[in-house]
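Feature list (source: Swiss-Prot):
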{"type": "BINDING", "residues": "Lys22, Asn23", "note": "phosphoenolpyruvate binding site"}
{"type": "BINDING", "residues": "Arg93, Arg122, Pro123, Val124, Asp125, Gln126, Asp305, Ile327", "note": "UDP-N-acetyl-alpha-D-glucosamine binding site"}
{"type": "MOD_RES", "residues": "Cys117", "note": "2-(S-cysteinyl)pyruvic acid O-phosphothioketal"}
{"type": "ACT_SITE", "residues": "Cys117", "note": "active site, proton donor"}
Amino acid sequence: MEQLKIMGGRRLEGEVTISGAKNAVLPILAATLLVKGTTVIDNVPRLRDVNTLLAVLNEMGAKAHFTAENQVSVDASNITNPVAPYELVRTMRASVLVLGPLLARFGQAKVSLPGGCAIGARPVDQHIKGMRALGAEVDVCEGYIEAKASRLRGQTLTMDVVTVTGTENILMAAVLADGTTVLHNAALEPEVSDLAHCLNAMGAKIKGIGTSTLTIEGVESLHPCHYRTLPDRIETGTLLVAAAVTGGSIVARQTSPQLLEAVLEKLEAAGCSIRRGADFVALEAKKPLQAVSLRTAPFPAFPTDMQAQFMALNCVAHGSAAIVETIFENRFMHVPELSRMGARIFIEGNTVTTFGVEKLSGAPVMATDLRASACLVIAALAAEGETVISRIYHLDRGYEAMEVKLRGLGAQIERIQEA
């Protein structure tokens, strides 16, 4: 199994190019199931989750593959097997996104209950509620969601809770339904808007994009399109925090600062100087950093996917701070690993309090989920001495060539085989 070996204490500086957003690419890949013909998607990161979903599409009968470094082609003309099997999707919760498209185009779907990060309950009840509201019969049997519908019908419905993948699944199902669907309490995340724009490029009729109420007028069929996904705001934030903890100065290119304003504001509160451009963000860190308290919430508030990275920052910042996690339970599994590195950190319920220390010490640590792995990389960059991070397959699920990008900024980091 592979590990990352990091020698801390190196200042990060230079420029780095941001990859396409995993959380935008995955639903758009699922949406290609709605179309007969070949759809081409640009700015696709080469990630484990992306490869898994391509394998799922191919298993169904599609022809899905990379045609260039960051370009994917999907021809879903001849889907013969509308099933997402457990063997393929057990590592990825986004697999449930094929439910809506399969049901809309083929009238049936069988999707294994999703796996992915071990960060508490991520229920699919809102997905099931949405499909039933559109007229589908849905059962959960032996670990699979099985759905059937002769024809989906437009409906007005309200999500009980804000859910990104739930919104996306209902959106994809509704575009081919009879009549108009009005979806209230829809997620506002930029990745949801990106999917909606892609669907409209395929011929869908979606209004209210970027608001909490989406109106979808069903159409008879969609057509292929050529679409470029938005940049990864979480990768952008992660690399900016990595630069901050090393007292660094970097420019993140091909990104969109308006997508992560809540993160940039917290970096400024920590003492960093931030410059925003149309397609770049520049950060210059001023030490000592100041600890920042924050509370995760749906977009446009502070994203849960940046919580762990800021916890690493707070561990080496001046003062104490509290981080409150409101989105997912059990998303503090990186705390014991930070403690191994010398962090002063305490959990009470859904709140973590940190008391900054002068320096962390390198240690062998283990990643437990995608963002926890990023947190440990950041902590290792700030630490004194060598850190070896195990289970970095979590990192590879969501970050494209992370060690290559960090090495380009001056980090001493290498991928090694576990002894």
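Backbone N, Cα and C define each Cβ position, glycine as well.
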Query raised in the report: About how far apart, in whole Å, are the alpha carbons (Cα) of Asp125 (UDP-N-acetyl-alpha-D-glucosamine binding site) and Asn23 (phosphoenolpyruvate binding site)?
Result: 20
Report task. Output the one of Asn23, Gln126 that, of all these binding-site residues, has the highest number of other Cβ atoms within 10 Å of its Cβ. Result -> Asn23
Report task. Pop the Cα-Cα gap between Asn23 (phosphoenolpyruvate binding site) and Val124 (UDP-N-acetyl-alpha-D-glucosamine binding site) into the table, whole Å please. Result -> 17
Query raised in the report: How long is the line from the C-alpha of Gln126 (UDP-N-acetyl-alpha-D-glucosamine binding site) to the C-alpha of Asn23 (phosphoenolpyruvate binding site), rounded to the nearest angstrom?
Result: 18
Requested in this report: Within 10 Å of the Cβ of Asp305 (UDP-N-acetyl-alpha-D-glucosamine binding site), how many other Cβ atoms can you find? Include all protein chains, please.
Outcome: 22
**Report entry** Proximal but sequence-remote residues of the same chain as Ile327 (UDP-N-acetyl-alpha-D-glucosamine binding site) (Cβ under 8 Å, at least 6 apart)
**Finding:** Thr296, Ala297, Pro298, Thr304
Requested in this report: Could you state the whole-number distance in Å separating the C-alpha atoms of Lys22 (phosphoenolpyruvate binding site) and Arg93 (UDP-N-acetyl-alpha-D-glucosamine binding site)?
Outcome: 13
Query - binding-site residues listed as Lys22, Arg93, least Cβ neighbours within 10 Å - result: Arg93
Requested in this report: Please report how many Å separate the Cα atom of Asp305 (UDP-N-acetyl-alpha-D-glucosamine binding site) from that of Asn23 (phosphoenolpyruvate binding site), as a whole number.
Outcome: 11
Query - Spatial separation of Asn23 (phosphoenolpyruvate binding site) from Arg93 (UDP-N-acetyl-alpha-D-glucosamine binding site) - C-alpha basis, Å - result: 11
Query raised in the report: Three-state secondary structure of Asp125 (UDP-N-acetyl-alpha-D-glucosamine binding site) from DSSP?
Result: helix
Query raised in the report: Including all protein chains displayed, how many Cβ atoms other than that of Val124 (UDP-N-acetyl-alpha-D-glucosamine binding site) lie within 10 Å of its Cβ?
Result: 19
